[in-house]
């Protein structure tokens with residue numbers, strides 16, 4: 001006899017929506033949640049208080065928005081769900097701007113999924129340095145479904161996979177603060193080849209040597 005959920009999925013999993021800035025991550029989160037309304041599925045959205053761009057709402061750059069609950073940290077999500085304010089008919093939890101939470105969000109997401117909640121998470125995959133942002137690398141491992149979106153490179157029009165930060169027209173230094181809330185005044189989406197981070201350190205002793213070698217090789221080829 002086939003197992004009970006051979007052709008359907010038991011409720012309780014994690015969906016991750018990620019990518020660079022201007023890729024439509026929040027818009028996709030809102031779209032998925034709005035879609036559930038056709039099936040009369042109730043949901044609740046949380047976001048970190050550090051995101052000051054739209055108080056008490058998650059808002060996409062296309063203008064769509066949803067009410068949300070701001071929390072100081074990930075465990076507050078569990079506390080709210082255990083409180084008298086929580087509607088027990090809610091089975092879907094949305095979490096936006098997940099990169100601003102610490103690693104405790106991974107445990108929160110797993111606990112929710114293990115207890116029958118569908119958890120839909122959105123956030124940046126990389127910081128301005130091009131490195132995993134906050135808990136995102138671990139969430140890649142924990143997520144049951146992953147959607148990686150791209151934007152359009154502001155420099156060449158190719159698919160953009162990185163978020164570039166500039167301050168007063170200058171590239172942000174590798175040692176600059178990781179979190180700097182802002183939009184187009186500081187950031188643009190770029191492809192790998194137009195992503196610049198001055199003073200980025202290299203772990204391998206011969207990495208810089210290889211970069212110089214390859215640049216010289218290309219230069220000599222064009223002579």
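Note that Cβ sites are derived from N, Cα and C of the backbone, with glycine treated the same way.
Summarising the annotation, Swiss-Prot assigns ATP binding site to 19, 20, 21, 22, 23, 24, 25, 26, 96, 97, 98, 99 and lists sequence analysis as the type of evidence. The active site, proton acceptor annotation in Swiss-Prot covers 97. Per Swiss-Prot, the feature Zn(2+) binding site maps to 153, 156, 191, 194.
On the structure: features taken from Swiss-Prot.
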residue : record                       : CB count, 10 Å
19      : ATP binding site             : 24
21      : ATP binding site             : 23
23      : ATP binding site             : 25
25      : ATP binding site             : 28
96      : ATP binding site             : 26
97      : active site, proton acceptor : 23
98      : ATP binding site             : 26
153     : Zn(2+) binding site          : 22
156     : Zn(2+) binding site          : 12
194     : Zn(2+) binding site          : 16
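Cα of residue 156 (Zn(2+) binding site) to Cα of residue 21 (ATP binding site): a distance of 16 Å. A separation of roughly 24 Å, to the nearest angstrom, links the Cα atoms of residue 96 (ATP binding site) and residue 191 (Zn(2+) binding site). A straight line from the CA of residue 153 (Zn(2+) binding site) to the CA of residue 23 (ATP binding site) spans 10 Å. For the recorded site, residue 98 (ATP binding site), the DSSP three-state label reads helix. Look at residue 19 (ATP binding site): DSSP puts it in a strand.
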